[in-house]
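Peer 1: Take this structure first; my questions come after.
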Amino acid sequence: MRISFPADDEGDSTNQPRLTFDDEFDSGNLKTVAESQRADDKYLLYIRPDAFGTEFQQRYTTWFHFRVTNAVPGMPLTFVIMNMAPSKMFSLGFRPVYRNNGTNNEWRPIPSPTTNKRIPKRYNSATDEEVPAQLHLTFTWTPDGGETYFAYCYPHSYTDCQTMLDGLEHKYTSRSAIEFHRELMIASVEGRRVDLVTVTSKGGNTGEEEARIPGLFPGAGPRPPRFDKPVVLISARVHPAETPGTHILNGALHFILSMDPRASLLRSRYVFMFVPMLNPDGVCRGHYRTDSFGRNLNRYYGTATREEQPTIWAMTALAAHLQETGNRLHTYIDLHAHANKRGCFMYGNHFDDDALQLETMLLPRLVAMNSADFDFDGCCFSAKMMSASDKAGMSRTGTSRVGMAPFVATPMAYTLEANYYISRSVNPVRPVAGVDPGTPLGRPRPYTPAVWGEVGRGVLLALLDYHCKEPDVAKLSRVSSRPSHATLDGVRESIRCHVANRKRKKTSKRGSASNTDVEDDEDD
């Protein structure tokens with residue numbers, strides 16, 4: 001979409017460059033723009049729904065990403081997003097982000113506050129259709145020259161992903177201390193790459209190459225060596241607009257490739273596999289939640305086919321292979337974003353066996369010890385959230401954490417959700433002498449790619465804490481440095497006490513359950 005003002009038929013005789021809006025780039029989304037009839041320099045913008053103009057069109061109008069050119073420097077413009085899906089975040093101060101190619105090439109929140117007006121659900125008699133509730137989101141921007149991009153949240157497009165992976169591949173493929181291997185796992189329906197990145201140390205090499213899996217890895221190049229270590233598999237962007245998940249994954253990936261001594265210890269103990277973008281078609285098309293056929297791919301684990309949902313089929317095939325060749329898949333984490341519930345938190349699966357349930361809760365508790373912005377109290381492990389239907393009527397039995405669980409050798413299969421805007425609380429994180437200054441107890445802070453990246457690092461450090469008794473890890477583990485409960489068993493006991501206290505509060509104050517027990521309003 002590209003539209004300019006004044007319009008062609010308005011007879012502009014000044015020959016001045018015309019103010020232009022467009023979304024003609026990777027991850028762009030803008031359906032149309034109109035000038036306000038009530039005020040000068042005010043423009044009404046409309047988001048394009050997922051799979052717009054096809055038989056698969058969906059209701060989602062949240063993600064926007066557009067470019068403005070030829071704006072007059074110093075002359076304020078007002079934008080109103082007319083069909084925004086309602087969200088609690090805007091009442092908390094959430095602002096879209098922007099960057100300018102000339103003066104500020106880094107994404108940052110727009111400088112002016114937003115205003116929002118909720119339009120209730122209504123009936124359109126002309127079309128005989130119900131119109132869902134919408135939000136009119138208004139903000140003002142003063143141009144300073146050049147091209148300026150605006151987006152719902154900090155973007156990371158398919159092109160950005162490929163550029164990042166190209167750079168890492170060039171830097172690390174020949175590096176002697178780190179095993180780095182990037183390969184095409186499968187192509188999407190529209191032919192885009194879905195990459196698998198493997199990172200570990202050179203130790204533990206069995207001398208064999210990983211086997212070729214039927215239907216996967218179509219490239220002619222070699223597969224990575226096989227290592228005698230447990231595998232940690234991390235994926236992101238099954239929902240295209242959930243860019244916080246990408247920034248968490250990028251933080252984890254850059255940390256595990258770093259020279260931090262803890263990263264070296266992790267590489268010596270695990271093989272890390274990253275799938276950075278599960279829905280590249282939806283990302284490129286600027287969708288919020290679906291692929292190019294309007295499907296929520298995080299409802300197809302267990303039923304995906306290679307022809308219709310190849311990326312999900314590939315994930316399941318990879319996990320099945322790891323199980324069949326030594327039950328090697330130790331942990332699986334799928335990274336998402338959440339538009340309502342504040343903070344970063346996990347959905348884990350429910351087990352009737354108390355010991356298994358405790359182990360499911362242990363990793364999130366360790367993440368909270370290593371990440372200031374991870375909210376253990378916000379985590380959910382309920383049985384209901386393994387099968388409950390979402391707002392579209394689809395069962396969560398098809399989510400990644402449920403569908404991938406049978407292939408994981410431990411109870412550790414999760415969805416990690418990150419709010420688009422802000423934390424609910426901030427954990428004090430203990431320093432690690434000579435390596436990490438930690439984080440003092442503080443107030444909730446707005447999220448940025450750097451903050452989400454710290455959460456990704458915290459997830460990996462939590463995995464290192466499983467080895468806290470080992471001499472080379474003990475001095476770098478936050479479990480070992482605790483003033484009390486300085487063992488994994490001590491952490492388990494603290495979880496038991498936490499759950500017991502929550503149950504007592506729930507009993508004494510009926511109707512207010514722990515966040516670790518209840519379901520939330522969407523996502524996963």
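Glycine too: its Cβ is placed from the backbone N, Cα and C atoms.
So TrEMBL lists these for the protein:
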type	residues	note
REGION	1-20	region 'Disordered'
DOMAIN	154-467	domain 'Peptidase M14'
REGION	201-222	region 'Disordered'
ACT_SITE	Glu417	active site, proton donor/acceptor
REGION	478-524	region 'Disordered'
COMPBIAS	499-509	compositional bias 'Basic residues'
Peer 1: Test of understanding: give the count of other CB atoms lying within 10 angstroms of the CB of Glu417 (active site, proton donor/acceptor).
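Peer 2: Total other Cβ atoms inside 10 Å, all chains included: 28.
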Peer 1: How many of the residues that make up the region 'Disordered' (201-222) does DSSP mark as helix, as strand and as coil?
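Peer 2: Helix, strand, coil within the region 'Disordered' (201-222): 0 helix, 6 strand, 16 coil.
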Peer 1: Summarise the model confidence on the domain 'Peptidase M14' (154-467) as a single mean pLDDT, whole number.
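Peer 2: The average pLDDT of the model in the domain 'Peptidase M14' (154-467) works out to 96.
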Peer 1: From the DSSP assignment alone, can you count helix, strand and coil residues within the compositional bias 'Basic residues' (499-509)?
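Peer 2: Residue counts for the compositional bias 'Basic residues' (499-509) by secondary structure: 10 helix, 0 strand, 1 coil.
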